[in-house]
Amino acid sequence: KFEFNPKDGIDNPALSLAEDTDGEGVGEPRFYLLSKGSAETFGFCLHEELGCQGHIIRQVELGGLAQRRGLQDGDRLLQVNGHFVDHMDHHRVVQKIKASGNQVLLAVLDSHSYEAAKALGKDLSQTLPADIRPRLCHITRDKSGFGFSVSGPEGTKGTFQLCVRQDGPAERAGVPPGSWLLELNGASVRSCSHAQLARKLKQSGSKVTLLVASSAVEEFYRLRGLRVTAALADTSWLPFKARELHMVKGPAGYGFLLKEEDCSSGPPGQFLWDVDVGLPAEQAGMKEGDRLLAVNGESIEGLDHQQTVLRIRAHEDQVTLLVIDPAADEFYRSVGLGDPAWSLGC
């Protein structure tokens with residue numbers, strides 16, 4: 001049995017709408033967006049149990065966040081932040097939840113429906129929407145502008161649809177045609193008028209970061225009463241990337257020093273310094289000041305310095321680190337992604 005009881009976070013509202021089952025055979029998956037405060041846990045444990053298939057929701061705390069939103073003992077976890085996880089190693093699923101930090105979107109199926117679907121040989125991934133993530137796009141203006149225009153109902157605040165110019169900067173940055181604008185440079189546009197939005201775009205200078213959702217994704221969240229946030233976004237279109245460094249230890253070691261330092265926001269982070277010329281760390285592409293996100297595919301979110309060191313030393317002769325440089329790290333934080341590791345497969 002593997003138990004998971006996540007802790008820490010920020011104070012955000014949590015909204016969810018459970019879908020009804022049909023009462024017979026296989027019911028429909030239910031979706032929950034959980035946002036926890038600094039003194040809260042998500043209020044459940046995730047178990048792997050002998051003789052039972054799937055990742056099982058257990059120990060749902062009475063009056064806790066999970067119970068208040070509708071999670072039930074025995075529910076099977078199918079999806080974490082839009083990623084299908086039923087087929088994944090249990091420990092990796094736990095890590096994906098931990099790496100999502102303060103907010104997580106879960107899709108679950110009740111135990112009866114799950115077992116019935118398995119008995120029928122159903123592919124449970126086919127019962128879930130193919131893509132339910134909004135998209136973060138970073139656009140650099142060219143001589144003709146950002147490559148999109150904004151429309152919305154006259155006199156209505158916060159409802160903006162984007163018309164994207166073909167082959168323009170917005171399209172190249174990944175903005176889907178006809179998508180809805182949710183955030184501008186990390187701030188919600190829900191209370192903005194058209195004039196205020198135009199002013200904010202002008203103040204952005206030559207670069208702007210948009211959180212957008214296609215009509216299908218916007219409808220998915222709206223019908224379930226869920227608020228779309230950057231923490232749930234597909235970040236694959238962003239120019240700011242984490243880097244994976246695989247190192248084989250040499251006679252003089254890996255050739256770097258790990259230090260715990262305060263971050264501009266949030267808890268202390270683990271940073272990489274004193275990268276020795278010619279040793280494995282430099283050869284793998286490590287740079288001074290990189291922040292460590294994950295070790296051997298597992299997020300270090302919530303680990304202290306000593307625990308992180310032990311994680312690195314777990315395999316004596318080699319290690320794979322996921323790191324991010326200071327500029328990319330600051331960008332992720334500015335748009336509400338304090339720890340990008342979850343969106344990068346950890």
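The backbone N, Cα and C atoms fix where each Cβ goes, glycine too.
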According to TrEMBL, which of these ranges is region 'Disordered': 1-22, 133-154, 155-176?
1-22
So what's the mean pLDDT when you look at the domain 'PDZ' (136-216)?
93
Using DSSP, how many residues of the domain 'PDZ' (136-216) fall into helix, strand and coil, respectively?
16 helix, 29 strand, 36 coil
